[in-house]
Amino acid sequence: MKKKGRNLLAAFRQTFLTLQNMTPQAEAEAEIQLNAASARYSYNPILRWNPQVEDYFIKAYGSLHFAQISKALTRPSCYSCIRVNTLKSTSDAVIEKLQEIMRKSGSQNDVVGINLKENKASNDIDLDMVEKQSSLQNESITKCQIPGLEYVVFVKGSGPHEIDYGYLPDKPPKEVLVSRKCAEAVLRGAQVYVPGIMACSSHVEEGDLVAVSVAVEQPFPDGGWGLGITRGTVLQGLPTDPYHFERHGLYIGQGTTMLSRAGIFRASQGIAVDMNNRVFKLPSFYDVLEGEIFLQNLPSIIAAHALDPQKGERILDMCAAPGGKTTAIAILMKDEGEVIAADRSHNKVIDIQKLAAELGLTCITTYKLDALKAVRKRNGSSDMTTLCCNKDNNDVVNQRSDSGPLGNGVSSTTFVGSNADTTFKENVSNEKANERTYTSKADIRKNTRRMRNGPGRNQSLGGRVENSKGFLPNSFDRVLLDAPCSALGLRPRLFAGEETIESLRNHGKYQRRMFDQAVQLVRPGGVLVYSTCTINPGENEALVRYALDTYKFLSLAPQHPRIGGAGLVGRCEFPDGYVEEWLRPGEEELVQRFDPSSQLDTIGFFIAKFAVGPKDDI
């Protein structure tokens, strides 16, 4: 791709030099113009932060390191991480099938290596394994060599690539301007869909080749952020265009339009641009080997392993949506035991049900439950939780008491049988609705909103959602709290200005309240794992400090496998006098912090594992 860029510049130079009476000064001006065009039609974003948040992170990481993190966040990982459903397939079988699919589709990925050498001196990864993993870097699809993670498969992508957008002096390419969220999805391998397009060049017809650029939020005079652009605006490629200068270095690829300009802004759904030349090339796994594989970030897989679930145990995933870690836990247990998956969103609970059914898992029970109300106080009843019986599917519920790993005279619940095949079938469509010959305008508007926003609660497909009143204290062997967070570790990310110091602190307060619930639900001798997908120490190390200082029966436990980095030690003093305490010396090696700028090339992520000792009633 770099050769293409050089050829493009050479062609430009030849065009100018063949003009009559080209003076040295004119040549220099032409060279400047061409270099400016080359810089404009590129991908070199700068992540913008709230100034106070940026100062805070610089104190935590140092100026150079934080600059590296910010740059890494604007780019996707160079590989896709696939978790194989070992109850249905094997890594070798999946690799063979994926290779065949790529062969048939003609996919050719420029291989970029996955470096697993980080922390080789301080963790439990064998150096021979690391060298073996490195020797596989010339392959497009490889099996993870970390002990215990052999069911993880890496599919490598490539980028960033230089793209020839066909720019000529005074003749800019046809262009489509997309929203920031649309662009982030495209960088991960998605197509450009109609709702994501904000503006477009005039005279764009179906089948045209267009450059795709990004409109990123800009600061408003009132201190807020926004786009300030009307959808449907015409782009002329001139400095007078909306966001002309702001789009400099924000071109994410080239594609072929599937609709004309008029069609793009009339339609409510569908693919608008087929991206066939991307800055980052990552394979798409949409509808590929359903039930056999699940696309998941490596740190999320590690979090499930840190919990170390065992067959026959009762485990709670407190904030379970979309179900990736829930199903990972169930598979590690060989689908033997009970995994309770709770989330406060009705539709997200249904998504978990569908994923469990797709993967063929029967040990997962789902509930709609707010994590802040997860503990149900005893009222003289020996029941561990409210037992819900689905009358439509005749679920059978058995109780047992004073047995199994729970101990302490606490009863537990075992669900016998499974309605996975029947519960998750889609509702049969109403035949009478298909016989209607007239559709009212109200129905058209309702359907349009539904297509844009997704199905509402009453239109959701799949099984029923049971509400839970919470669970009794000490009723779980292990609890995973993958807490809602600021998500500042997710990538690619093209904007981060919405978070303020106050909002980051509020995230931390919210997580402490959830942790207070989680710690009550784990039995003595059990395990509690806390994780986030953010780089914010206030939601990571500060939470660990709070947990250890508040609950003396908690202690940090070693994690296996350990491939992440060490946590942050120290404290941060804010201008308003607030002091944020982090880890103390000796604790940093007991947590895992995944740095997006490290050679592992993962999302930003944090994992802490707590062993629960003897405790008084709380």
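Our numbering is plain: 1 for the first residue shown, then up by one each step along the chain.
Note that Cβ sites are derived from N, Cα and C of the backbone, with glycine treated the same way.
Remember, TrEMBL labels are computer predictions, not curated facts.
Within 10 Å of the Cβ of C533 (active site, nucleophile) there are 24 other Cβ atoms, across all protein chains. Taken from TrEMBL, the feature active site, nucleophile covers C533.
Within 10 Å of the Cβ of C319 (S-adenosyl-L-methionine binding site) there are 24 other Cβ atoms, across all protein chains. Residues annotated as S-adenosyl-L-methionine binding site in TrEMBL: C319, A320, A321, P322, G323, G324, K325, D343, D370, D482.
Annotated domain 'SAM-dependent MTase RsmB/NOP-type' per TrEMBL: 226-613, in sequence order.
Pairwise Cα distances among C319, A320, A321, P322, G323, G324, K325, D343, D370, D482, which the record gives as the binders of S-adenosyl-L-methionine, peak at 19 Å.
You'll find the Cα of D370 (S-adenosyl-L-methionine binding site) roughly 20 Å from the Cα of C533 (active site, nucleophile). Just so you know, the Cβ of K325 (S-adenosyl-L-methionine binding site) picks up 24 other Cβ atoms within 10 Å once every protein chain is counted.
Taking the domain 'SAM-dependent MTase RsmB/NOP-type' (226-613) as a whole, pLDDT averages 84 in the prediction. The Cβ of G323 (S-adenosyl-L-methionine binding site) lies under 8 Å from the Cβ of A341, D351, I352, L355, A356, each of these being in the same chain and 6 or more residues away along the sequence. Rounded to a whole number, the C-alpha distance linking C319 (S-adenosyl-L-methionine binding site) with C533 (active site, nucleophile) is 13 angstrom.
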